[in-house]
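Now, the feature entries from TrEMBL:
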- 18-37: region 'Disordered' (REGION)
- 58-126: domain 'BTB' (DOMAIN)
- 205-251: domain 'BTB' (DOMAIN)
Amino acid sequence: MAHCGAGGAAPVGLLSSPGLGRKGLPRKGPGERRRLKAAVSEQLSRDVLRLLREEIHTDTILSVSGSLFKVHKAVLLARAPDFHSHIIEYTSSDLTNELVPVDGVEASEFKAFLQIVYSSNKNIKNYEEEIVKKLKVGSLMPEKGPDVSFPRCRTSSDCFLGKGEIPEDITGGGDRFISKADSDLEPASELGGDLLKLYLSQHYPDIDICVDGRSFRAHRAILSARSSYFAAMLSGCWAESSQECITLQGP
C-alpha cells in the first residue's frame, strides 16, 4: 500500500482562470500568468517527449523503413486521432508492444513527426494530415476497427472550461473525479488540453489509483512522466509496479 510522497508537476499542465483564487485572493497578473503558462507548457512538452525518447511504458512498436519506434496508443489517440485510426486497425487489444509495419514514409520523417506529436504545444493537425496522406499500414486493408475517437469540440477549451459537461464519477459512486470547483482550470497548451481530453475520455487507462475510497483510472506513462513519485513507484522497483490498482494513503 503506497503512501503519498513527493509529487511532481501537475498531471497535464493546468492553470486557473483569471479572477479571484479559491481563498478570495487576487490571482497573478496577465504578464505573470503568461510567463507561468509558458513555463508550465514547456515543462509538459519536455516530460511527454521523454516518454518517447526513453520508451517509458510503451505498448506498441511501429516498424518504419527498417527502424523501430516504441510508442503509446493513448498519446497517438490524444494528439493524432486520424493517424491513430490507421494504427489501431492493425493491433490487438490483448498484446503489448505489438509490432505494426508502417509503409509509405521514411524513418527520418516519421521520427520528426513523432517528436512533434509528443512535444508540440500547438495544434498538429497539418502535420498529421501530411503523414496520413503518405503512409500505408501493412499490406492489407481490413474492415475499420473500433471507433475510439474523441467527441468533436471547436477548441480544446470547449471541452474543459465549463462549456462542456464534466463527467460524473466513473466508478459508480456519488463523487466526481473532477469537481465543479475545478471547472475553471485551463490547459496551459494544446498538448495539455489533448492529454486532459484523453483522461476525461477514459481511453486506454492501464492503472487505477484509489484515494479515500474513490478510483481514478489513469495512464502509467503519463503519471511517470509528470511525477517522480509515480515514476519510482511504477518503474519496477516497488511492489506496486505490477499492480493494476494502487491505493494511496496520506501521511
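The backbone N, Cα and C atoms fix where each Cβ goes, glycine too.
Over the domain 'BTB' (205-251), the average per-residue pLDDT in this prediction is 84. Taking H, G and I as helix, E and B as strand and the rest as coil, DSSP gives the domain 'BTB' (58-126) the counts 30 helix, 16 strand, 23 coil.
Taken through DSSP, the domain 'BTB' (205-251) splits into 18 helix, 15 strand, 14 coil.
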